[in-house]
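Colleague: Annotation source TrEMBL lists signal peptide at 1-21. Annotation source TrEMBL lists active site, nucleophile at 131. Annotation source TrEMBL lists active site at 239. Taken from TrEMBL, the feature active site, proton donor applies to 239.
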Ligand SMILES: *[C@@H]1O[C@H](CO)[C@@H](O)[C@H](O)[C@H]1NC(C)=O
Ligand SMILES: *[C@@H]1O[C@H](CO)[C@@H](O)[C@H](O)[C@H]1NC(C)=O
Ligand SMILES: *[C@@H]1O[C@H](CO)[C@@H](O)[C@H](O)[C@H]1NC(C)=O
């Protein structure tokens with residue numbers, strides 16, 4: 001019948017309308033954000049496992065409505081530039097890679113530079129550093145290694161921050177701010193820290209970052225949360241992703257407020273990424289890049305689950 005013959009044509013028209021509506025919506029806000037997470041070298045590489053990403057970082061971002069692409073180490077600058085133009089934010093995770101000689105360090109340097117340049121020309125591109133990622137950001141911003149050893153390898157701490165005066169915490173519920181200040185909800189597993197005195201002495205850092213929280217290991221005060229004044233650059237020395245997604249150590253907090261902390265941190269960052277309008281050149285390119293192309297492994301130990309890359 002004529003109706004049957006018209007049907008395919010009708011579908012084409014409807015699809016075209018739907019996709020142009022999506023494009024119009026994308027102009028104000030990108031509700032399909034894709035975030036890059038840096039991979040890093042494993043300690044003992046094998047032919048099938050030379051780098052990894054802990055699955056908790058991926059679940060963390062996914063829990064707030066993002067998709068993730070792994071950023072592999074040791075790729076060309078051109079490849080990183082193209083990926084940068086395709087994604088809406090980047091996360092530098094924690095771990096044990098070298099801050100100067102690893103493929104992780106090199107990728108962080110390239111993406112950080114691209115992000116600062118993009119933001120300076122009005123292309124809003126958020127950057128997040130967690131633990132090692134924060135240490136790398138401090139190194140890149142200051143151009144100096146200012147790290148000191150602290151006794152902070154396995155403990156959870158409370159967080160004292162004035163929520164109203166930061167972008168990061170201003171939309172956190174009041175009860176969660178109270179819990180953060182009174183319960184040990186922030187997990188620390190780092191040997192190195194930026195001491196408050198080192199930070200204060202370094203103009204490159206004091207001009208760039210607002211300190212949102214400090215903590216102490218009992219004798220040394222270190223910087224625990226920062227946001228950049230003029231850029232969407234954020235960092236925590238602590239691990240917001242562990243509370244909801246890692247179970248290995250008895251001090252990992254899992255209380256209702258601890259799980260809320262994980263979610264509100266992720267939610268903040270993903271809302272930042274929704275302000276970025278980069279996209280892949282095609283749906284196929286996007287599909288090929290996503291973490292869904294890889295399987296995670298249950299480690300039975302660190303991180304619970306890890307994505308390994310050849
Ligand atoms: C990446 O390059 C660095 C520096 O050359 C090297 O040490 C590292 O093993 C490489 N990583 C991988 C996974 O190939
Ligand atoms: C490190 O901190 C723990 C408590 O978190 C304490 O029991 C231990 O004595 C400290 N070690 C040093 C060397 O200060
Ligand atoms: C570091 O600077 C902050 C802000 O100016 C100040 O409140 C704090 O007392 C300083 N701390 C140290 C140890 O220098």
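Glycine too: its Cβ is placed from the backbone N, Cα and C atoms.
TrEMBL annotations: computationally assigned, not manually curated.
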Colleague: Give me the long-range Cβ neighbours of residue 131 (active site, nucleophile): same chain, 6+ apart, Cβ under 8 Å, in sequence order.
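Modeller: The answer is 93, 94, 95, 189, 190, 236, 237, 238, 239.
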Colleague: Just counting, how many other CB atoms are there within 10 A of the CB of residue 239 (active site)?
Modeller: 26
